[in-house]
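Peer 1: This is the structure I have questions about; it appears just below.
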Amino acid sequence: MLYKETFILLIVLCAILIFWLRDAKKVSINLQTDNGKGYNYFRFNYLIIYFLVMAGDWLQGPYIYAIYKSYGFELSEIAILFVTGFLSSGIFGTIIGSAADKFGRKKFCLLFTLLYSSACFIILSSNFYILLIGRILGGISTSLLFSVFEAWMVSEHFSRGFSSSSLSNTFSKATFGNGLVAIFSGLFANWLVERHGISSPFLAAIGFFIMAAMVIILTWKENYGSDSKNTNTFQNLLQALNVIKNDSRVLAIGAVQSLYEASMYIFVFLWAPLLESQHDVSNESNLPFGMIFASFMVAIMIGSLLYGHLSGPMNISLPDIANGTFFIASISLILPLFIENEFSLFIFFTIFEVTCGLYFPLIGTLRAKAISEDIRATVGNLFRVPLNLIVAFILVHYIYNFRYSYFRTMSFM
């Protein structure tokens, strides 16, 4: 198969886009002029911490299933562990987000590093019930990772007087850099496993979380929801629910986030077995999963570059970018229903990953513009409740799954 050639082609395409879109640097210069010299330092500081915590997350990803399997657990038991993580994120995430708005986002970013480090340490145990505790901590950590860091950054961005147009720039660079971090983390994790065993990526992840915590302590100041210090967690939660109920923009963003990201998580679980199901049984070589994963990450980087150009120099409206992104994503998941060719499936999966690269900076910018400061983290975690419930439901049925029903579900979302 042409996996290696496609990976090289994607890298070349990414490089061409960087060169072709070099005029976007003029936008960055304008942003620096508009925002003062502090913006570049602020963005650099945030991205360093973001990339450190994402590196810790990516290091574990390829080996969570593998380490559970190495302990001798059945597929159904592994599914229970994963479902526990998603349910934990859905149940505790709402409370955690509200508490972060009230007690301070910096404190809860530090709490994230503690909880996720604990989850990484616990996974070294082969006891199923101890591992369940680790999955609960991991679920809470995931909620914090995808809400509190963004809430801190957006609040600090506006409190320092930076322009709203530069926020898209920060989100775009975060998505692009995250693709690079994922690739290098995957290579590093593979090197660690070959030399030090399957538990080594989890120990290395703890190191990245500790580094992130140190930089946060030294460089970040605390920020809160504007009124959250004067309200309790339950009042914060009720206020967030009322905003979602009464503001159609916020409700629409929440629906989009829940449905698209549910499709994305289902895709994460299914792409490998689906490609394996189409792999030529007479072919003695195994699928190059590392190469395929790296190709997906480069595709995300390409998507983030396209977003930066569409929202910047081309000045296309966010709703128009969203409509195009979701249309292409739907097509890329509908067509595999009718395809029995392994490489064609891979191409459509890669196209879907390009839409992921467009989606993340897009949804981050939309959330920043629509959600008020005092309940930002609370609303962000409420959005993740239906997402986690959908994915948990799908996972429960995963051991009985059939390809076509799941692709219909994803494309509909």
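Residue numbering: from 1, along the chain as shown.
Glycine residues also receive a Cβ, built from the backbone N, Cα and C atoms like all the rest.
Small disclaimer: the values here were computed from a predicted structure and weren't measured.
In case it helps, TrEMBL gives these features for our protein:
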TRANSMEM  6-23  transmembrane segment
TRANSMEM  44-66  transmembrane segment
TRANSMEM  78-96  transmembrane segment
TRANSMEM  108-130  transmembrane segment
TRANSMEM  136-154  transmembrane segment
TRANSMEM  175-193  transmembrane segment
TRANSMEM  199-220  transmembrane segment
TRANSMEM  250-275  transmembrane segment
TRANSMEM  287-309  transmembrane segment
TRANSMEM  321-339  transmembrane segment
TRANSMEM  345-362  transmembrane segment
TRANSMEM  382-400  transmembrane segment
Peer 1: Between the transmembrane segment (78-96) and the transmembrane segment (136-154), are there three or more CB pairs that fall under 8 A, provided the residues in each pair are separated by 6 or more in sequence?
Peer 2: yes
Peer 1: Are the transmembrane segment (108-130) and the transmembrane segment (287-309) close enough that 3 or more Cβ pairs fall under 8 Å, when only pairs 6 or more apart in sequence count?
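Peer 2: These two stretches do not touch.
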Peer 1: What residues elsewhere in the chain lie close to the transmembrane segment (6-23), defined as a C-beta under 8 angstroms and at least 6 residues from its ends?
Peer 2: 291, 294-295, 298-299, 301-302, 305-306, 308-309, 313, 346-347, 350
Peer 1: So if I exclude everything within five residues of the ends of the transmembrane segment (44-66), which remaining residues of that chain have a CB under 8 angstroms from its CBs? That is, six or more out.
Peer 2: 78, 109, 112-113, 116, 120, 123, 145, 149, 153, 156, 170, 173-174, 177-178, 181-182, 184-186, 188-190, 192-193, 198, 201-202, 204-209, 211-212, 215-216, 219-220, 293
